[in-house]
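Asker: Structure incoming, see below.
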Amino acid sequence: MAMNLGHQIGTLSGKQIPTEFAAGEQPSSTTATPSAVWKSPAGNLRSNSPQENASPPMLTPPLTPNSAGEWSYLINLPMLRPDLSVACQAFATSSPLEMTEEEVAGTAEWTDGGRKDEKKGVSVFVMMPLDSVTNGNTVNRKKAMNASLHALKSAGVEGIMIDVWWGLVEREAPGAYNWGGYTELLDMAKKHGLKVQAVMSFHQCGGNVGDSCTIPLPKWVREEMEKDSDLAYTDQWGRRNYEYVSLGCDSLLVLKGRSPVQCYADFMRAFKDNFKHLLGDTIVEIQVGMGPAGELRYPSYPEENGIWKFPGIGAFQCYDKYMLSSLKAAAEAAGKPEWGSTGPTDAGHYNSWPEDTPFFKKDGGGWNSQYGEFFLSWYSQILIEHGERILSSASSVFEATGVNISVKVAGIHWHYGSRSHAAELTAGYYNTRFRDGYLPMAQMVARYGAVFNFTCIEMRDHEQPQDALCAPENLVRQVGLATKEAQVPLAGENALPRYDELAHEQILKASSLNIDGSSNDREMCAFTYLRMNPSLFQPDNWRRFVAFVKKMNEGKDCRRCLEQVGREAEHFVNVTEPFVQEAALALMP
């Protein structure tokens, strides 16, 4: 999934981040009251340790779910009234609570916003739990899921996002697909009138922030990777990453007689054949996984086993034999064969900072040399080519089905204010002070008529650590301009599980795409909210969420404030309280 870094909400001092911005760019001067968010200790975040691989301290306690269960950390929340007899009775069945005709009419009026004209605004989808389908290929917490989908539909949510895990469906043997729980889950979505964004998740679940369960790659894929460890991404110290098959072998027949790209295409084709009756009606979007967390990037900042901690710069992932073979060929073609034996060896460690490394430092750094330009161009270009190969397959498979295809790009906002943008470079985004790295990706997505999906939409610059030169607002602005120039639709996601009005207001602002004074007719094509859990159904959070969805649906031309919409939501929230309580109760472990 996107970088939902729960531990990166930094100090709210009301001061601007002392970043370096290109000429003409103005950093955000917005401030907020410290009570509006969690606070972490002020001060310099950098470690005083002389060790080169020392990590900055954790900024705040993690807000993401733990490995014991996605909802276990919420079990003691004072979220429901003592009198839950109605909700408990409802929980004993798989059907949502019955409503009177007047109540049904009230929710219907809320859902469509009382409008009879063409729909405007930004549709809101909600991400489902990562473990919505169990290892036994059944729907997890079926009663909770049913109640939750009913609640989401009543609030005016357009649909849900579901991870369709390669490691579950094709787990046992090549070509042996078990759609089990997905058939039931998609039928549930259809019954509740919810649209579905289906994510073709070709990566491992586990090892990134927010991964609350473990779903490895298919067993037979792991067997091949054990035989040939170079099928895994590799760093300069020989550490292997098994989240996603290395793109260096995209077209090689290394997986039981098929190439990785052929496996992805066959999986998508089987999905289409199995769910063709839902495509274009219930299933409206296919988001194609292209790397770790489903994002088009390298696994440059893996959290597994404490390898990387925010806001480290990460590390290049080009040291498996297949990637090195590609690098060698590129160097020879450029007339510089001496550049083809290895990647940069002076780029620090996962938890280094740019100025601590010869390669990324702002003055005289290798990133800004002839060699740096060659290496970074190659490293980013083969990532884009990887995206093209998979997009080409997806476009062919889902042609004439009525579904949109989308690609997810990570919101790597830390060290964005530095000249080298080190954290983006190690992830494969050749974006620096002197070069736009997002336009080539947007143009690639546009060639296939796909949607560019971007995260960190809810973040504000002043919420982030000052030392790390974070600038999510400027990053979102740059991506907005790149997608506008490429004429590609832009969709968004939030990176943190946020329920406060500050985050909602920032999403509303970002989704309006008022970024250059000439975007009056442009909005994000959709927004996906992270994530459905018991905390979302806590009364105050649910009230704010309902108002947020209403405001998103009304669009950028609506002049009413979020507070006014919130007041209008009160009656709706009261009417629907019983089955919202049912959903919250049923989701508890």
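For all residues, glycine too, the Cβ spot is worked out from N, Cα and C.
TrEMBL labels come from automatic prediction, so no person has curated them.
A quick note: this is a predicted structure, and the numbers were derived from the prediction, not measured.
The region 'Disordered' annotation in TrEMBL covers 23-62. What TrEMBL records for 45-54 is compositional bias 'Polar residues'. Summarising the annotation, TrEMBL assigns substrate binding site to ASP163, HIS203, ASP211, LYS408, HIS413, THR455, ASN494, ALA495, ARG531. Residues or ranges marked as active site, proton donor in TrEMBL: GLU295. What TrEMBL records for GLU493 is active site, proton acceptor.
Tell me about the surroundings of these features in the structure.
Answerer: Shown in sequence order, CYS456, MET459, GLN464, CYS470, ALA471, PRO472, LEU475 are the residues of the chain, 6+ apart in sequence, with a C-beta less than 8 angstroms from the C-beta of HIS413 (substrate binding site).
There are 27 other CB atoms within 10 A of the CB of GLU295 (active site, proton donor), with all protein chains counted.
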Asker: How many Å lie between the Cα of GLU493 (active site, proton acceptor) and the Cα of ARG531 (substrate binding site)?
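Answerer: That comes out at 10 Å between the alpha carbons.
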Asker: Neighbour count, 10 Å Cβ-Cβ cut-off, for ARG531 (substrate binding site): what number do you get?
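Answerer: Its Cβ shell of radius 10 Å holds 23 other Cβ atoms.
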